[in-house]
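Working notes, beginning with the structure itself.
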Number of protein chains: 2
Amino acid sequence: MAVGNVAIPDTIYPIEGVKLSATAAGVRYKDRDDLVVLEIAETASCAVVTTKNTFCAAPVRVLREHFATHSPRYLVINTGNANAGTGADGKRRAQEICAALATKAGVDTQTVLPFSTGVIGEPLNSDAVIAGLDEALAGLAADKWLAAANGIRTTDTIPKIASQKVEVAGSCYHVTGISKGSGMIRPNMATMLGYVATDANIKADLLQEMLGQINEQSFNRITVDGDTSTNDCCVLIATGAASSEMIDSPEHPHYSAVFAALTEVFVRLAQLIVRDGEGATKFMTVKVTGGKVTQECCDVAYAVAHSPLVKTAFFASDANWGRILAAVGYAGIEDLDTEQVDVYLDEVMICQNGGVAPDYTEEAGKAVMSHPEITIHIDLARGDASDTVYTCDLSYDYVKINADYRS
Amino acid sequence: MAVGNVAIPDTIYPIEGVKLSATAAGVRYKDRDDLVVLEIAETASCAVVTTKNTFCAAPVRVLREHFATHSPRYLVINTGNANAGTGADGKRRAQEICAALATKAGVDTQTVLPFSTGVIGEPLNSDAVIAGLDEALAGLAADKWLAAANGIRTTDTIPKIASQKVEVAGSCYHVTGISKGSGMIRPNMATMLGYVATDANIKADLLQEMLGQINEQSFNRITVDGDTSTNDCCVLIATGAASSEMIDSPEHPHYSAVFAALTEVFVRLAQLIVRDGEGATKFMTVKVTGGKVTQECCDVAYAVAHSPLVKTAFFASDANWGRILAAVGYAGIEDLDTEQVDVYLDEVMICQNGGVAPDYTEEAGKAVMSHPEITIHIDLARGDASDTVYTCDLSYDYVKINADYRS
């Protein structure tokens, strides 16, 4: 069961210039949508980030080649099979899918970007994907974001979708996005899969820069199990349909509002992945303040967020702050003065100056640990830098999900 | 249940110059040995390594101060409470224990080294420890290694003990050691607790150098959950009782044989910790060859050994090599040519040139995964360096042990 507020937004704004479809192509399972296609208007800008895992999947290698020279017109996403660890044959299959879609749609093969998610190391049934393309193209429509969010699910228990409207200086922009992922989650430069579109008109190189920055606050700050996937990809599309006004620099009067709306959608989509983390029963925000530089705050936050001992303690609702301190201690800050470190669970100070806080009681610890959403705030008291990472606990069900199923 | 061969040696050689005792002092639990004392002959050399966790426990801070100026005569070890995260009061209690023992034994306080293991963040019942010292000192004897191995256990399900005899050029040396630990195990410079003694006569600075080297092949190459403890300590004692021949350099004719015997005991003690890893059902050796430098082999081995997805797959006896490849891919070798990488489970080649091996069958994978001890061999095919790490799988029982008990 996903943790906390994972509601589908009341209003999902379509983005003019983007059409979607979801169909059941039978890639691995019968009778469930497993093929999603996005069509992007010719005038749109696109930005892409992909996994830093050197064992990146075949579709990631193909999409990097295509994106290097062409602006995308179609995204084609299959679930059920990641087409990873499949060598030259896997790359050929990814290319064949792009070529088949390009022929049917009358565009260049290089304007089609492939994405796959699912089991690693088995040959992708590319014939099934190709056979499903006619229905996928026929079904394209602007109002199918939710269907697409469902169509890209694998072990996800919920569809992940966020949508925002922002008005600035007489212009009205919309941002809508979807994501998927619940295990093998510790994105590095991108998450499992995320697709966000806006009708703002944003210059392509600025869009790529914005994606890089926003990604660092969203998909690159979540972890379920510390495992960086071979298939992580995130795409940001700006169709420009809402306005002829081109946002071409951070100084543009519309920039900040659009940046904020995009960030809100990205953070929501990233958090939804953690809320739906495999076996998750708690959503934890690990906030580290008082660092000398951001990187050390990030390192401490990830050390805590990855610690199996911290994660199992949260599963057990045990305010075992010793495990948090131990993780802070091995995060790699060699000159850390541990006698300055404070730790809070929400508003409850559990640890002051590296020891138990004088006013702390087990009762207060138990009360705060009973919440499904908890902020672990660690104050290093050595500077002004801060960073935040989102994670979930480690439960029996995490082991069950990953031991019982080949995923 | 511990995995594989965890037998107590048929012969446990006493080491002349070392006496031990184990008593029930009631530190946290009643009626179990929780106080171990080692007495070391005045003529012995000692070497010590301690945790690199910056949140090191009070006894670790005290022992570093004591060891800096004095050669140890007594080690005093309590279980049930780690005396970590206890601030200035914790340090005072550790010092009081040392002072009390020193007075009773008629030695300098600085020749006593304190060690604690158990729950973090609660005040140590130092009065109980001090009250138990008379009985502990009265019980000292050379043949109590096994009693001491039992006396330092916490969540350990077995005592961990190794003993060796080595003859070289007419001299006969003995090596005996004990260790403890089964969770919060990813030692950095030392493990939870390890005590090894030999009757060889080894110069103190050479002994420290040997301990550093041997530790890098044993306690610093094991991981259960990736959590580096606040209390890791390892002590190597050379009493010199077996021979007046002083081993004073690596060129000494006895050096290699003694080094090998020590290494064998250390590796055995380290592996016993993994075999007894919390919830372990499989003992995994992760061997990485063909690296450019040792560090990258070590990084890859630890990435695989820490991956919750790899560990749960092994728990499920699922030869899910895609998870192994994914972990290799995020281990941080940026210029890794993944199409050169081979992976074996024992003798079964599962992955060749970054994809599934042509002759691999699911049946062969299942057969090898049914073994309780498995070597994952990853060949990076880019150089001559290699490294090996030992770990265990991630099971329901790991979560149960760490969620159910405050440890």
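Glycine too: its Cβ is placed from the backbone N, Cα and C atoms.
Here the structure is a predicted model, which means the values were calculated and not measured.
Look at TrEMBL and you will find B:T191 tagged as active site, nucleophile.
Feature annotation from TrEMBL assigns substrate binding site to B:T154, B:K180, B:T191, B:E278, B:N402, B:S407. DSSP classifies B:T154 (substrate binding site) as coil under the three-state reduction.
DSSP assigns B:N402 (substrate binding site) to a helical segment in the three-state reduction.
Taking all protein chains in view, 21 other C-beta atoms sit within 10 angstroms of the C-beta of B:T154 (substrate binding site).
Following the DSSP three-state reduction, the secondary structure of B:E278 (substrate binding site) is coil. For B:K180 (substrate binding site), the count of additional Cβ atoms within 10 Å of its Cβ stands at 29 [all protein chains shown].
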